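Take a look at the following structure, please.
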Amino acid sequence: MSEALPFPSNKTSTPECNLKTLYWACVHNDLAELQARLDAGVSPEEASQVDSNGRTGLMVACYHGFGSIVALLSCCPFLDVNQQDKDGNTALMLAAQAGHMSLVTLLLNYFAGLDLERRDQRGLTALMKAAIQDRSECVVALLMAGADLSSVDPVRGKTALEWAVLTDSFDTAQKIRQLLRRPQAEQLSLHYQPEWPALAQLVAQAQAQAQAPAAPSLLERLQATLSLSFAQSPQEGGVLDHLVTVTTSLASPFLSTACHTLCPDHPPKLGTRGKSVPELLGTAPPPPPEPHPPQQVPVPQVFAPNQSPQSMFSQWLQSRDSTRSQVPKILLSKAPSPSARYELTLRPQGQQSLAPPVWRFQERKKKEEETEPRGGGLGQAGGSK
């Protein structure tokens with residue numbers, strides 16, 4: 001019996017999915033397998049393994065929102081966090097445009113050497129892609145991490161704020177304008193005083209009203225009776241805004257008991273790039289190896305017989321002063337049928353109009369009429385009657 005030949009399958013599979021590599025663990029969100037692969041040691045080839053779309057395991061995890069996988073990959077050696085797929089997307093771009101705020105924060109704080117200004121094939125950065133998709137929280141995180149708000153794309157020449165306005169991302173545009181008014185998180189510095197600036201003025205105003213109470217007028221009473229209270233957004237610099245600022249400051253018990261800052265003298269500021277946690281602690285994993293230039297495979301040139309290499313190019317690519325021999329062109333046309341032939345009579349001198357053509361049947365009929373006797377025509381006509 002003959003053995004059946006194996007035919008290639010049309011299904012696209014992940015690289016070495018049967019060996020459970022680093023990429024396999026990231027795609028299947030298998031935290032235990034990923035930890036086992038990291039404990040066993042990861043080679044540079046395994047860390048940079050990609051699929052048919054050019055995406056690494058980190059990119060796939062950022063795209064699907066696998067937070068535990070991304071957090072564990074921060075300790076992976078030889079991992080290039082700025083690696084791009086076939087469309088030019090990085091892991092930060094995929095997480096930002098998908099709206100995974102926690103993954104964007106992980107990438108910004110725990111991955112050393114993260115490039116915020118890397119562009120895709122269309123010239124868009126992670127900040128622009130997040131602004132187009134109206135991911136306001138991701139936009140705020142990128143701006144406070146040092147993303148450049150003034151950078152423009154090479155096609156339309158628009159910034160992230162202009163892209164947000166153009167794509168009707170009103171929430172993102174509002175958050176960007178608020179950051180421009182307050183570009184620094186003052187509550188994350190040691191010099192912050194948890195006092196409400198407007199408190200002294202409001203207390204003095206209340207005391208003045210208590211000392212000299214004035215009876216409300218009829219109009220004020222009418223307005224107080226007929227006015228309706230609706231839910232409003234918290235005002236900037238108001239009570240609720242101050243409450244959030246105090247509870248998120250370094251002096252707040254909510255933060256002091258849970259975490260501590262590594263650089264209290266340098267709070268986050270708009271447009272200022274800070275160092276990641278591994279860079280501050282000196283525990284950054286080994287950087288990825290430098291990419292080697294792709295090897296150019298020589299392509300054999302096959303020419304048609306009895307033709308020069310120059311004849312393989314199009315006619316408009318060849319030089320006009322070429323002295324090579326031109327191949328004659330032969331055009332074949334079908335001869336007209338005999339019944340369609342006609343002759344043109346020469347135009348008499350002195351006439352400017354064209355003479356109509358004389359057909360052969362008209363010429364024969366005219367000759368027959370000339371050969372017949374002039375009087376015989378009437379006799380024949382009478383005899384026939």
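Glycine is no exception: its Cβ is also placed from the backbone N, Cα and C atoms.
On a predicted model such as this, the values are computed, not experimentally measured, just so you know.
Straight out of Swiss-Prot:
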COMPBIAS  284-297  compositional bias 'Pro residues'
COMPBIAS  304-326  compositional bias 'Polar residues'
COMPBIAS  361-373  compositional bias 'Basic and acidic residues'
COMPBIAS  374-385  compositional bias 'Gly residues'
REGION    270-385  region 'Disordered'
REPEAT    17-46  repeat 'ANK 1'
REPEAT    53-83  repeat 'ANK 2'
REPEAT    87-116  repeat 'ANK 3'
REPEAT    122-151  repeat 'ANK 4'
REPEAT    156-190  repeat 'ANK 5'
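For the listed features, I'd like the structural context: burial, neighbours, distances.
Among residues of the same chain six or more beyond the repeat 'ANK 1' (17-46), those with a C-beta under 8 A of the stretch's C-beta atoms are 56-58, 60-61, 64, 66, 68-69, 72-73, 75-78, 288-289.
DSSP states for the repeat 'ANK 2' (53-83), grouped as helix (H, G, I), strand (E, B) and coil, give 15 helix, 0 strand, 16 coil.
Per-residue confidence over the repeat 'ANK 3' (87-116) averages 95 (mean pLDDT, predicted model).
Across the repeat 'ANK 4' (122-151), DSSP assigns 16 helix, 0 strand, 14 coil.
Long-range contacts of the repeat 'ANK 5' (156-190) within the same chain, counting only residues at least 6 positions beyond its ends with a Cβ under 8 Å from a Cβ of the stretch, are 125, 127-128, 130-136, 139-140, 143-144, 147, 149-150, 236, 245-246, 248-250, 261, 264-265, 267-271.
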Could you count the residues of the compositional bias 'Basic and acidic residues' (361-373) that DSSP puts in helix, in strand and in coil?
11 helix, 0 strand, 2 coil
